[in-house]
2 protein chains.
Amino acid sequence: MRSYRVAVVGALGAVGQQMVRILERSSLAVSSLKPLDIEENAGKQVSFRDKMWTVETSGKGKFIDVDIALFSAGAEASEILAPIAVSEGAVVIDNSSQWRMTDGVPLVIPEVNPEALRSHKGLIANPNCSTIQMLVALKPLHDAFTIKRVVVSTYQAVSGSGAAAIRELREQTQAVLDGRQAVAQVYPHPIAFNALPQIDVFLENGYTKEEMKMVNETHKMLDPNILVSPTAVRIPVFRGHSESINLEFEKPFELEKVFELYKHAPGVRLVDDPGHLAYPLALDAEDRYEVFVGRLRRDPSIENGLNMWVVSDNLLKGAALNTVQIAEKLVEMDLIGR
Amino acid sequence: MRSYRVAVVGALGAVGQQMVRILERSSLAVSSLKPLDIEENAGKQVSFRDKMWTVETSGKGKFIDVDIALFSAGAEASEILAPIAVSEGAVVIDNSSQWRMTDGVPLVIPEVNPEALRSHKGLIANPNCSTIQMLVALKPLHDAFTIKRVVVSTYQAVSGSGAAAIRELREQTQAVLDGRQAVAQVYPHPIAFNALPQIDVFLENGYTKEEMKMVNETHKMLDPNILVSPTAVRIPVFRGHSESINLEFEKPFELEKVFELYKHAPGVRLVDDPGHLAYPLALDAEDRYEVFVGRLRRDPSIENGLNMWVVSDNLLKGAALNTVQIAEKLVEMDLIGR
């Protein structure tokens, strides 16, 4: 059986650490791990499958002995390093936003559009966290009833903005409880005990970049004909994005059938028992691999309408896990060259 | 000039205290205040316009010398006490859910449907908090472009559930920061660093009571032809409800015109300047009377679509303030008998 030399770029970051942990638990045959990070972290040790691996600085020449490079180093680093890694022969799976909408770069969720991997030229992009969990939930319904329009409002955790944001929520929260002033640095306004209707920067059309990612990535991965109307909101949650999703289908549907589809949908866990107050919750999704779906109910305001509540761990399926699953799928489909 | 004898039922509760404070600042000519509450609070003192007023137990005979009774004592107390107060000659404005959908009981937001007050028979109901702020924002747009359909997702503060819920959020939050277990009592699941897609109990159709209030009260107050598709969610915010609202109009509209309408709409404060990262925020709405509207942007997924973000203090416009404003309107329209 073939085994793979894997590099993780940004191995000491929040998502990078999750990548190493998920890789460790995965069935992927890894012959060597190469943790790469910024210069000040070089020399540190990363534990992986009962061995310690030394962190090196990433750069030219570092990918010559690498089969698969998982990138989680941000868009700027990826712009420079990903082409280097590809030219040195590695297959790059990049978690940043840098290449997602680039023509010829597959943007992939294994449960949604694995076939897009066949045309890869060494570089594959991992989608935005809020898009991933939405599309894992939407895919089986789109196949069955053809989604016409999506109205989505998100309830996003701070960990999507990295370690500094997690610290900021913690510090601001303690300050408020102690009667002190909350100081905002990562976000433009205090996030503790607040709801911020802004994620990423504003664009000309009044939408944020985060909101337009949900539109554009849905078109690239699922179907360019699906209309998406998004509102992305940050709330004081550490981990786990929640989404309130309203769907309009082309075809009539039975609610029973939706439940049935979700019982067998890949990557989905149905949690929907209002009688026992069971529905997906951010706190329950922490450290879990699935996309949780619940509060399924017909929307009587349109002919073929459905409301639902979708939750997933933004650091796992929303980032590190999906990246590793792309690697697994590439191996399964025998799409790693050399 | 005529002056009024005012009773506040539940005067020591979270909303009752706000009622007394707002009444104090209002232009209403109050000749006497009668604070009523449960037996264990009888004898306590309430300060109002430089005088102390002694709390009495509410019950039969207590409304004979009262012109206006503001009720914030919950649905059960209101079921028994409101008819007593009316029979003793007081005009009751009730903040509970008890009478809202009762035929013949006007349900009123002064900015939306003041004319409904004319038919009152001694009892007027104050709407649900999430409906009030939504309809204050929707009214000018409905008048101009006729709203066909509303898809709304809420981000609601815990103060809507009373003082125990405020304590619970505070205690759970401190527990999590200290690495201890969060204990849920008021809500069925922990609210600290979480998002709960359940407010009030579930009904047969899969919606919660809170969600159906938004549907039914919109029909009663604004227009029975407006289709409303709601999702009500509790988030870890102490005060201030936020709402992500998607609208579909019958008529074409210009975004410019929406801005123009909101500059002059009663009860509305427009906060919409993405270039300076200005949009409505729950923290900024605290202790403010207005309904804040922002993030106005065309929804390109339908012909006449608009997205917006609406925030207001759920204890003020969402409860105590609207109740007092109904009293003011009754006086202004000369609808207090005797």
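Even glycines carry a Cβ here, placed using N, Cα and C.
Predicted automatically and left uncurated, TrEMBL annotations should be read as such.
Remember, predicted model here, so these are calculated numbers, not experimental data.
As annotated by TrEMBL, active site, acyl-thioester intermediate applies to B:CYS129. In the three-state DSSP assignment, the secondary structure recorded for B:CYS129 (active site, acyl-thioester intermediate) is helix. The C-beta environment of B:CYS129 (active site, acyl-thioester intermediate), restricted to residues of the same chain at least 6 apart in sequence and closer than 8 Å, consists of B:GLN156, B:GLY160, B:HIS241, B:ASN314, B:GLY318, B:ALA319.
Per TrEMBL, active site, proton acceptor is recorded for B:HIS241. The 10 Å shell around the Cβ of B:HIS241 (active site, proton acceptor) contains 30 further Cβ atoms across the protein chains shown. DSSP assigns B:HIS241 (active site, proton acceptor) to a strand segment in the three-state reduction.
In the three-state DSSP classification, B:ARG100 (phosphate binding site) falls within coil. The phosphate binding site annotation in TrEMBL covers B:ARG100.
B:GLN156 (substrate binding site) has a Cβ environment of 25 other Cβ atoms inside 10 Å. Following the DSSP three-state reduction, the secondary structure of B:GLN156 (substrate binding site) is strand. Under the heading substrate binding site, TrEMBL lists B:GLN156, B:ARG234.
Taking Cβ-Cβ distances under 8 Å and a sequence separation of 6 or more, the neighbours of B:SER159 (NADP(+) binding site) in its chain are B:ALA14, B:ALA165, B:ILE166, B:PHE238, B:ARG239, B:ASN314, B:LEU315. Summarising the annotation, TrEMBL assigns NADP(+) binding site to B:SER159, B:GLY160.
Mean pLDDT across the domain 'Semialdehyde dehydrogenase NAD-binding' (B:5-120) comes to 97 in this model. The annotation domain 'Semialdehyde dehydrogenase NAD-binding' is assigned in TrEMBL to B:5-120.
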- Query: Who sits close to B:ARG234 (substrate binding site): which same-chain residues at least 6 apart have their Cβ under 8 Å from its Cβ?
  - Reply: B:GLN156, B:ALA157, B:VAL158, B:SER161, B:TYR187, B:ILE191, B:ALA195, B:LEU196, B:GLN198, B:ILE199
- Query: Under 8 Å Cβ-Cβ from B:ARG100 (phosphate binding site), six or more apart in the same chain: what's there?
  - Reply: B:LEU107, B:ALA125, B:PRO127, B:ASN128, B:LYS213, B:GLU217, B:LYS220
- Task: With DSSP as the reference, give the number of residues of the domain 'Semialdehyde dehydrogenase NAD-binding' (B:5-120) in helix, strand and coil.
- Result: 35 helix, 32 strand, 49 coil
- Please work out the number of neighbouring Cβ atoms within 10 Å of the Cβ of B:GLY160 (NADP(+) binding site), leaving out its own Cβ. 23
